[in-house]
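Heads up: the structure comes next, in structure tokens.
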Amino acid sequence: MNPNQKIITIGSVSLTIATVCFLMQIAILATTVTLHFKQHKCDSPASNQVMPCEPIIIERNITEIVYLNNTTIEKEICPEVVEYRNWSKPQCQITGFAPFSKDNSIRLSAGGDIWVTREPYVSCDPGKCYQFALGQGTTLDNKHSNGTIHDRIPHRTLLMNELGVPFHLGTKQVCVAWSSSSCHDGKAWLHVCVTGDDRNATASFIYDGRLVDSIGSWSQNILRTQESECVCINGTCTVVMTDGSASGRADTRILFIKEGKIVHIGPLSGSAQHIEECSCYPRYPDVRCICRDNWKGSNRPVIDINMEDYSIDSSYVCSGLVGDTPRNDDSSSNSNCRDPNNERGNPGVKGWAFDNGDDVWMGRTISKDLRSGYETFKVIGGWSTPNSKSQVNRQVIVDNNNWSGYSGIFSVEGKSCINRCFYVELIRGRPQETRVWWTSNSIVVFCGTSGTYGTGSWPDGANINFMPI
């Protein structure tokens, strides 16, 4: 083969190889582009059912990176379906309560910018717990804190922080409110926020960050609500509201709300005579509330709310060891399950209890006269037997040498059961501590445990002499 033929042969082979390589590169490029764009659409399932992903050509931001033969392929991951909460798991069986959180707001106020608050509570979304309180529109080390013993001013707002984070200057003000309730339906937060004139207040219903509905005062006498979490089952939330006398007959109504819109309002029925500041918890498929009778009884009213047909019944906790303050000595206190006991019914304090079969777990101040100290215990037969007084599993949360205040319940869904937790408001300043001109609080939080536990006392802990006046 002469030199010219060799050159032609080598050139032909090289051209053939180059052509094959070029075609392979085109094929690889086409495959890569096809895999990149041929992703999957996750259709919104009907009736909250999980549906398979259908193929569609679409760009998404949610991607998973897979390395295959040095080629980067992006494919969509179908997002998890968000469902309404139904609280259908059983209640956890507990032996008592263990410490969970404490925010130390008053101690921190001695040297930092912390909001003046009262009426705190705790509520959780499916992944995290938050603390709420009604702020007074001022920090503690601020002349505006003078006179914050007053409950209802137009500057009060509902504050919301992750549980354990004190209400610092960066805290979100969720709404304008001097009375409130909040709950998460599994998809978004609902906030019920009451503000305005005593004789003509407004309740705003804020869902997923938007004002959806409102209702005005129906008795022109301080429309007010729970000061703790509401409860949502299968997308419908319920909240208890009262308008009328704080020491006489009032008009209590139970509101049912769907994604912020009022869908039904029911009047209180049953034997409860006066309802204030209910502490509610899910008791699937219904909701149960333990409230404050500020008129006739130191035994606590119970409201049972049927979430399917909106029917309502009420009664009183059977335990003869009653939960309100002030109250009679335990040896002379009574409850017949149906009626107020007419024992030191006025004024009262917000509190909680929850049923456990025939028994009842409850918390109350240690003092029968003042908002000082705090204890929890179980009363055997306290849910079913009139005037039952057999107390077990008593724990001191705050010793009787320190101030307490309101308390309330919140529920946390675990893997196999629903746990009950509670918070205690630790009030400092006026009216008891007159060296200062302000009134504010910190909180301590406990949750039910099936384990063992020790003893202690968890007061606010601030030295009033270190505090701004």
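Just so you know, glycine gets a Cβ as well, placed from its N, Cα and C.
Among ASP309, ASP313, ASP324, the residue that Swiss-Prot places alongside ASP293, GLY297 at the Ca(2+) binding site is ASP324. Per Swiss-Prot, the residue from CYS417, CYS421, CYS447 that shares a disulphide bond with CYS92 is CYS417. Long-range contacts of the region 'Disordered' (325-349) within its own chain (CB-CB distance under 8 A, at least 6 residues past either end) are made by residues 246-247, 271-274, 276, 292-299, 301, 315-319, 364-365, 367-371, 386-387, 389, 405-407. For the region 'Disordered' (325-349), the number of residues in each DSSP class (helix H, G, I; strand E, B; coil) is 0 helix, 0 strand, 25 coil. Maximum C-alpha to C-alpha distance over the listed substrate-binding residues ARG118, ARG152, GLU276, GLU277, ARG292, ARG371 is 21 Å.
Taking the C-alpha atom of CYS230 (disulfide bond) as reference, the shortest distance to any of the recorded positions ASN146, CYS237, ASN402 belongs to CYS237.
The Cβ neighbour count for CYS278 (disulfide bond), using a 10 Å radius over every protein chain in view, is 32. When the Cα atoms are compared, CYS447 (disulfide bond) and CYS92 (disulfide bond) turn out to be 11 Å apart. The binding-site residues under consideration are ARG118, ARG292, ARG371. Their Cβ neighbour counts within 10 Å are lowest for ARG371.
Among the recorded positions listed (ASP151, GLU276, CYS278), CYS278 has its Cα nearest to the Cα of CYS183 (disulfide bond).
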